[in-house]
Amino acid sequence: MEINWDVFIVILVVVLSARLGSAGDIVHIDNVAPKRPGCSNNFVLVKVPTWIEGLEDNEYVGVGARFGPTLESKEKHASHTKLALADPPHCCSKPRNKLTGEVILVHRGNCSFTVKANVAEEAGASAILIINNQTELFKMVCESDADVNIKIPAVMLPQDAGSRLEKYITNNTMVSVALYSPKRPAVDIAEVFLWLMAVGTILCASYWSAWTAREVAIQQEKLLKDASEEFLQVGAAGSSGFVDINTTSAILFVVIASCFLVMLYKLMSFWFVEVLVVLFCIGGVEGLQTCLGALLACFRWFRRYAESFIKVPFFGTVSHLTLAVCPFCITFAVVWAVYRRISFAWIGQDILGIALIITVLQIVRVPNLKVGTVLLGCAFLYDIFWVFVSKWWFHESVMIVVARGDKSGEDGIPMLLKIPRMFDPWGGYSVIGFGDIILPGLVVAFSLRYDWMTKKSLRAGYFVWAMTAYGLGLLVTYVALNLMDGHGQPALLYIVPFTLGTLITLGKKRGDLTTLWTRGEPERPCPHVQLQPLEQKE
């Protein structure tokens, strides 16, 4: 039996990546940490650019405290201030060195954060940088009896950044810093391009799927009219090359996907992500060579190579054209895998991802609206549970942790389409999971196949409505994403009601719902049945 790599990979990519998000959160609204007047700030990330002897050096990222004034949001309004080292280093008592508006660098420990800030303010510091005792950042809160009438900002730095700055000052090197916390733009152009990418991918895949289905239907009708015994034998034992999802497999999807997701969550590590990269490359190669082969076959110079075949061990029968483009596809995937950490590697990842998605939507099909409703309904519940509800059991969102690749040392798993946030001062990427395109794309592609089989025009058909509903659902997801300050959102929470609701409502209004729900295609009379009465009369 030949292995269909697309069907194997789609199970993996869908369960891993049904979420949409942007770069990491810069504002953390914590309702657990105590609040009171003078101690009610949100925990915000702070940029700390540095200058060594007047020359620009590294930029570090810290976190602001619950207390103190808010920081400037624009770099041009943040003043360059000399950095001084506290003596004693913990700043729990009045510093021995005289301060005249410098930013003071202190160590964490021996007393509370508010005590350090009050001592630094009384000594004449303009701000206080606290070096954490570990590489992670820590929330600086207020004690119940603390004096929170603090007029200078307090920022915590990770241990490695603070130690580096401390070393410079110890060596009598002049260090100056600026403190500011820029806000993210409400909408970044990356989100517009990502929306176009997702909608365009489904559009291309749907037309390819519908065109292939129509060609197969025309061939079947022709062979039936010719009463080809060979066709009847092949049709009974052969395969069309497509995989139709049934109701049982749609229901099992949520169970298998959940088990696999928990396994990834528990086993997530650097080596596990490396395995996912290899699997993604296998699927990407398959998708890229399928798309390239189909595209080149449209030109008459390559058509004869696309129509001549050779048998390859393990892979079965493949065309000479596929064999020719395969080395290029393998090289492309390998180069991306090796250099995937460079700044523009997202381009290669998106090319491989889009090719894989289009190929999957070409091979895997939803036969009717009933199966599509069950599939999207299960995915809808799966997405909500593992993004939101899982926090109650695991104390964090399992879906988002897996998608980000936490505990792996990697910048997320590869089963995502991503575009860098171009006008975001914090950088990062806007991402969308393959599952948010593939699952609704199966139903959208089904609507176009139905329109073509019933010979409906674009206006009288269902595809334009389904495509519009998907686009609006994805747009609402981005609105929700920005309203939630960049927290990852389950896109299917918005896309599924839009897409299914539109098709079911429109089908019921037009009287086509029964056909859409059960058959998924119009009834085609058999030519042999029509010929029988004529033969009996003769």
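Note that Cβ sites are derived from N, Cα and C of the backbone, with glycine treated the same way.
Database features, via TrEMBL:
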SIGNAL    1-23  signal peptide
DOMAIN    88-165  domain 'PA'
TRANSMEM  192-213  transmembrane segment
TRANSMEM  250-271  transmembrane segment
TRANSMEM  277-302  transmembrane segment
TRANSMEM  314-338  transmembrane segment
TRANSMEM  344-364  transmembrane segment
TRANSMEM  371-389  transmembrane segment
TRANSMEM  426-448  transmembrane segment
TRANSMEM  460-481  transmembrane segment
TRANSMEM  487-506  transmembrane segment
Which residues, given as numbers and ranges, are at least 6 beyond the ends of the transmembrane segment (371-389) yet have a Cβ under 8 Å from it?
18-19, 245-247, 250-251, 253-254, 257-258, 261, 397-400, 435, 439-440, 442-443, 446, 488-493, 496, 499-500, 504
Beyond the flanks of the transmembrane segment (460-481) by at least 6 residues, Cβ under 8 Å:
20-22, 187, 191, 195, 198-199, 202-203, 206, 436, 440-441, 443-444, 447-448, 450-451, 454, 487-489, 491, 493-499, 501-503, 506-507, 516
Summarise the model confidence on the domain 'PA' (88-165) as a single mean pLDDT, whole number.
88
By DSSP, what is the split of the domain 'PA' (88-165) into helix, strand and coil residues?
17 helix, 14 strand, 47 coil
Need a quick answer: max count of Cβ pairs under 8 Å to the transmembrane segment (487-506), which of 192-213, 250-271, 277-302, 314-338, 426-448 is it?
426-448
Report, as numbers and ranges, which residues of the same chain sit near the transmembrane segment (192-213): CB under 8 Å and 6 or more residues beyond its ends.
294, 350, 354, 357-358, 361-362, 365, 417-419, 430-432, 436-437, 440-441, 444-445, 447-449, 451-453, 463, 467, 470-471, 474-475, 478
Non-local residues, at least 6 beyond the ends, that sit with Cβ under 8 Å of the transmembrane segment (314-338):
2-3, 277-278, 281, 284-285, 288-290, 292-293, 296-297, 302, 305-308, 345, 348-349, 351-352
